[in-house]
Amino acid sequence: MGKDKKKEEAVFLRKKITLLRAFSLLIGSMVGSGIFISPKGVLKNSGTVGFSLVVWFACGLLSMFGALCYAELGTRITKSGGHYIYILETLGPLPSFLFLWAEFFAIRPANSAVVSLAFGRYLLEPFFAPCAAPVPAVKLVSLLGYYAVLTLNSWSVTWSARLQTALSFVKLLALMLIIVPGMMLLAQGHTKNFQDAFDRQSLVPDKLPLAFYAGMFAYSGWFQTSFVREELVRPERNIPLAVIVSVITVIMGYMLTNISYYTALGTQDVLASPAVAVSFVQQACTNLISVVPVLVALSCFGTMNGGILTFSRTLFVASREGQWPPLFSMIHIRSHTPLPAVMLMFPLVTAMVCIGDIYHLLNFFSFSRWLFIGLATLGLIVHRYRHPELQSPFKVPLFVPVSFTIICLFTVAMSIYSDPVNIGIGCTIVLSGFPVYYLVIHRKMSNRCHRLLYYLTHKLQLLLEVVQQEIKTY
């Protein structure tokens, strides 16, 4: 009895993410702002309707390859942390720290800002139609939505997971309310927007990497279960099953959604629209004009929730591995959430929402994200070579990680030519991590610095009511 009570009172991350919750996390993270804002970016940089649909399908196929690679990594490496822990375990501490540095200062805050801004825009759009919603109002509502999700994740893992499950069904409903009217219009013969769908004169090859960035952003939640690996029930079974079913579901949904968009909207309509889903509803089904934007906003809300749920685990694991301050590996004594890691993103996301623009932010963080995802799948190849004796319960053919890695790194290299300013900023942030690594991680800190860090950690630990976890999981 006393032993059971002690186990119940222990402070650690519980295994609370079942197969359904893992599926909901993936669906909830993939189907968010991307499918409602990326069609404009994909079409703009691919040139025509036909080529944009090819890009959407290729991005889906590429996501499936990446998801399969991460599923194998998740069965080989039993720690949470996603990209970070995979790079650390396969390629070493320097590349993993550079990823952590870029993730904290560029990738995650910019990604969260994009989703938050989409949430604010779609939530306010019905109130200001046919005019665009005022930018200050959009940014204020975006921040309020982000802060609400931040508070929930600080309070309860269980309720965050339950919200993710509920909003996953809302996301699928939002897609169905676009797909069904679109397919009905297509069946009635509305095909004029598909004429000259593959006009090569409109294709600009050097812009295709940016089209892939926009498309891959829409699919980019396929890796989320790897961040919460230690909290998954039966991960060796549930990770592969969840990623395969969810990615196939999303590919089908995205292709049908884009066909629906193009059935009702011409090329110029899509390019001129600040909110493609709202423009579609105005053209195809005006009786849903007040419903679809709210459902889209809720979809974005779910993506924000999934992003915070998973990124806080990256900081948590990095702190536990000694590459981030120790405070961020601590757990709240009552809610059992990684409170310090959850709250750390607050200032950077606030700043990027206030000063950023959706499409510039998208290009800005995509360079770093796909560079390190490519390195993580390269790490899978390295790990297989170094540990041939390791029998993984899930294994993909070698051509899958090889193809995915080459495509990722090639797209990253091409994007430097396509958008040198934003990519240059992203590259600079990655490179700035080198001196920090050698000064703070590689070299031993002085005793004075250690004492100061210990003092600050102790004071913040008392303030936030957090402690080191006693065991990992059960």
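Keep in mind that glycine also has a Cβ here, set from the backbone N, Cα and C atoms.
Those TrEMBL annotations? Automatic predictions, nothing curated.
Annotation source TrEMBL lists transmembrane segment at 20-37, 49-71, 83-107, 127-149, 169-190, 210-227, 239-257, 296-318, 339-361, 367-386, 398-417, 423-441.
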Sequence-remote partners of the transmembrane segment (127-149) [C-beta within less than 8 Å, at least six residues beyond its ends]: 112-113, 116-117, 119-121, 274, 278, 282, 289, 297, 300-301, 304-305, 308, 346, 349-350, 353-354
Segment proximity, the transmembrane segment (423-441) to the transmembrane segment (367-386), 3 or more C-beta pairs under 8 Å: yes
Result, the transmembrane segment (398-417) in contact with the transmembrane segment (49-71) (3+ CB pairs under 8 Å): yes
Dominant neighbour of the transmembrane segment (20-37) in 83-107, 210-227, 398-417, by Cβ pairs under 8 Å: 210-227
Distal contacts, the transmembrane segment (398-417) - CB-CB under 8 A, six or more residues away: 62, 65-66, 68-69, 206, 208-210, 212-213, 363, 366-367, 370-371, 373-374, 377-378, 380-381, 384, 423-424, 427
Other parts of the chain folded back onto the transmembrane segment (210-227), taken as Cβ under 8 Å at six or more residues beyond its ends: 17, 22, 25-32, 34-35, 38, 40-42, 44-46, 52, 55-56, 58-60, 62-64, 66-67, 70, 73-74, 80-83, 86, 111, 114, 235, 238-239, 242-243, 246-247, 250, 254, 303, 306, 309-311, 313-314, 362-363, 366, 369-370, 373, 411, 415, 418-419
Same-chain residues near the transmembrane segment (296-318), Cβ under 8 Å, at least 6 residues beyond its ends: 25, 28-29, 31-33, 36, 79-85, 96, 100, 103-104, 108, 111-112, 115-116, 118-120, 122-123, 145-146, 149-150, 152-153, 157, 160-161, 163-164, 167-168, 170-171, 174, 221, 224, 227-228, 231, 275, 277-278, 324, 328-329, 337-338, 341-342, 344-345
